[in-house]
Structures are given as C-alpha cells and as structure tokens.
Amino acid sequence: MNTPTQSLAARAAIFALLMLSCMQCHAQLSATFYDNTCPNALNTIRTSIRQAISSERRMAASLIRLHFHDCFVQGCDASILLDETPSIESEKTALPNLGSARGYGIIEDAKREVEKICPEVVSCADILTVAARDASAAVGGPSWTVKLGRRDSTIASKTLAETDLPGPFDPLNRLISSFASKGLNTRDMVALSGAHTIGQAQCFLFRDRIYGNGTDIDAGFASTRRRQCPQEGENGNLAPLDLVTPNQLDNNYFKNLIQKKGLLQSDQVLFNGGSTDNIVSEYSNSPRAFSSDFAAAMIKMGDISPLTGQNGIIRKVCGSVN
C-alpha cells in the first residue's frame, strides 16, 4: 500500500516526465509550425525564390548548396548568413564559401517579404530550408514537406566551416565519415551529391583532374573541359557540373559518373570501384529512386542540430544579430 509520501513522490515523477515530454515536443520541428502565426509564410517564400530562379537558373544550385553549407556547420541555424562584425568571424570568409557561396541576397529578399506580413516570427534558418526545397522544385527536382520551427543562431564559426564541410578533393572514405558525423548515412551522401546535377564549379577545383591523365576520367570529356580551364590562370572560369542537363535537377549526374565524366574528384570517387558504385548505378537507372532518396536526405539534413524552443533568436535581418 502506498504511503502519502510515496504517492506524492510518484505524482511528482509523473509530472516531471510530462514536463520533459512537453519540452521535447516543443523542441521538435513540425510542418505546421507557422499555420497560426504566419499562414502565408511558405507561399511568400516560394514566390520570392521562384522569381530569383526565373531571373537566374543557376541560383537553384546556389540555394541548395547554401542550405547544405549552413547545416554542416553548427546545424541548420542560419549561421552562414551572418556578416563579419568585431564579435563574429563570418563563415562567409571560410575557404569553402569564399568567392563561391552565393544566394545570401536572395534569402534576405525572401526574409524582407516575410517580415512585411509577419514581423519577427519566421526564422532565417527556416527560410533557407524552405528555399532549398523550392529551388529543387523550380528546376524539375522533387518537392517535399519541410519541417519548421528552427531558430537562428547568434554566433558563427569560420573554424568549423573550414573543418566540417566536405571538400572537392576528398577521398570516398572521408566523404562517408564526414556525412556520418552529421547523422547521414552513405546512401544519404550519394543522394545529396546528386545536387551536382545542377550548378557550376570553378576551374581551379577540377584542373588537376582534367590535366592528370587519370584512368578515372573520359579523355574526350577532359579535353572539352580544358578549353575553358587552362593549366595556369583563369581560376574562376566556370564549367557546368553536368554538361548534358546543367539546369535540370535530374539523375543525369549519375549517368555521367558511370561514363567517367564526373567534374570534381569528389564526384567521380562515388563510382570508381568502391562501396558506392551500386548506389550510383541504381540512381542512374531509376530517376524515381534518386528523386525519392534526395528528398528524404534533404529532410534528414534539415534536422541537423536545429535551435528550437527558447534557444536562438528570430533575426529581423538574416545578416546580423538583432
């Protein structure tokens, strides 16, 4: 038989569990997060992103990459959008972003439109996540339901941006471990790499590959790429990551890899006699499998260490702390 003391203790324990579960439910992202506080947020963001991509098709790739470069550093917290200040060392100046990360102004434009209808409600982190989804859909890729409720960080980390982002020269085992450290498995990694079916790369990132006479590159492809990328100079000259359908988010990237026509070393290592060859083959044969897995991996990536509840802030302007 319970004594009054035991009964009180039991009730206290149950109450503590209920409180903990309530805190956890607040900390979870939800597709309906803004349904009451800003019901037109997603339509407003979509309109803004579509306009930007209709003006410049390449911006779709840049926005997807911006989301990726945000989530791999401190989680999906819009830290990549913060400008340099005396107290913030901006991630924009980190080597993987410097001179290559783009689309900051597009996110800022979308934020400005959302602020007009719902001031200080929708985070820059959520806008960036939604923008990546809308960018995919705008260039023929999949769409998906975005979970919302992220908040914005007040700090950035140039140091982490230079250590945690996978690089264009990384071998396969390093790519796999880099993604695994963020909770993404090998299949997620290959699917997300498929974002390289759109966008462009700078000459200095693939020069060694096209002049190296390696056995893992098609000779005609290398010759074509050399025309716009000399052995010295012209470092910023751009080449499409997918020559065939450079502005369409499709499975052509994987077909290219099988033909040894991956532009970056980190692309071709996905199909070079290693553990990911079978996934590349599957995606090259099945646009549906790639599309489905890409959407699932993007959702999973958007779940990396978000700030929720009372953590973080809602920035009024994405480039600065309020």
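Using the three backbone atoms N, Cα and C, a Cβ is placed for every residue, glycine included.
Per TrEMBL, these features apply:
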- His69: active site, proton acceptor (ACT_SITE)
- Asp70, Val73, Gly75, Asp77, Ser79, Glu91: Ca(2+) 1 binding site (BINDING)
- Pro166: substrate binding site (BINDING)
- His196: heme b binding site (BINDING)
- Thr197, Asp242, Thr245, Asp250: Ca(2+) 2 binding site (BINDING)
- Cys38-Cys118: disulfide bond (DISULFID)
- Cys71-Cys76: disulfide bond (DISULFID)
- Cys124-Cys318: disulfide bond (DISULFID)
- Cys203-Cys229: disulfide bond (DISULFID)
- 28-322: domain 'Plant heme peroxidase family profile' (DOMAIN)
- 1-27: signal peptide (SIGNAL)
- Arg65: site 'Transition state stabilizer' (SITE)
*Which of Asp70, Asp77, Glu91, Asp242, Asp250, all binding-site residues, has a Cβ with the fewest other Cβ atoms inside 10 Å*: Asp250
*Cα-nearest neighbour of Asp242 (Ca(2+) 2 binding site) within the listed recorded positions, Cys38, Arg65, Gly75*: Arg65
*Excluding Asp70, Val73, Gly75, Asp77, Ser79, Glu91 themselves, which residues in that chain have a Cβ inside 8 Å of the centre of the Cβ atoms defining the Ca(2+) 1 site?*
His69, Cys71, Phe72, Gln74, Cys76, Ala78, Ile80, Ser153, Ala156, Ser157, Leu160, Ala161
*Determine, using Cα-Cα distances only, which of these recorded positions is closest to His196 (heme b binding site): Arg65, His69, Cys71, Asp77, Glu91.*
Arg65
_Can you give me the same-chain residues 6 or more apart in sequence from His69 (active site, proton acceptor) with a CB-CB distance under 8 Å?_
Ile80, Glu91, Pro96, Asn97, Ala101, Ala161, Leu165
*Give the sequence-ordered set of same-chain residues, not counting Thr197, Asp242, Thr245, Asp250, with Cβ within 8 Å of the centre of the Cβ atoms defining the Ca(2+) 2 site.*
Ile198, Val244, Pro246, Gln248, Leu249, Asn251, Asn252, Tyr253
_Inter-residue Cα distance where the pair is Thr197 (Ca(2+) 2 binding site) and Cys203 (disulfide bond), in Å_ = 17
